[in-house]
Ligand code: HEM
């Protein structure tokens with residue numbers, strides 16, 4: 001049983017929907033295009049046509065300031081296209097596509113992709129919980145310069 005404010009798996013899936021608007025820098029997903037693995041430089045969980053488009057937008061050694069839409073279909077609409085993109089292997093980040101490829105979360109993604117009514121309240125619930133997580137102050141934590149790494 002989860003306490004009221006603990007984020008569940010469904011909350012994490014719902015929050016990821018934030019990637020249906022806005023844009024991302026090429027460096028955040030370049031590994032999926034050029035260096036995924038020795039036998040498969042392009043991530044096999046990426047739709048090949050989408051991968052080609054991403055490579056055109058983000059060639060190797062691209063200007064680090066270049067950013068592209070996270071939702072290739074409806075980048076300015078807060079809709080459930082994000083989940084439809086995952087089903088068709090057009091999730092931009094590994095953390096996106098894994099929500100569909102992993103059996104533990106796949107059913108929720110398919111539900112959110114097919115039934116907009118089921119997910120409409122899920123983001124609200126999850127982002128409210130996130131707002132109550134609490135900010136760490138003083139020695140309890142640190143404000144990161146780069147949100148992906150501890151400050152050095
Ligand atoms: C469970 C929820 C979420 C997960 C797992 C997640 C994961 C990620 C990951 C892995 C990246 C790639 C960049 C990196 O590795 O740091 C990313 C980028 C991004 N996310 Fe999320 N995210 C989540 C929720 C959100 C929310 C709630 C928002 C906005 C309200 C958001 C906005 C963004 C933006 C704007 C970027 C692009 C950053 C850049 O390229 O500079 N994400 N996210």
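Each Cβ is built from the backbone N, Cα and C atoms, and glycine gets one as well.
Annotated Ca(2+)-binding residues in TrEMBL are 71, 74, 79, and among 20, 108, 125 the one listed with them is 20. Summary of the Ca(2+) site environment: with the site residues 20, 71, 74, 79 set aside, the chain residues having Cβ atoms within 8 Å of the Cβ mean position are 21, 73, 75, 76, 77, 78, 80, 81, 82, 85.
Least packed by the Cβ count within 10 Å, out of the binding-site residues 71, 79, is 79.
Residue 79 (Ca(2+) binding site) is 25 Å away from residue 58 (disulfide bond) when you measure Cα to Cα. The average pLDDT the prediction assigns to the domain 'Plant heme peroxidase family profile' (1-151) is 93.
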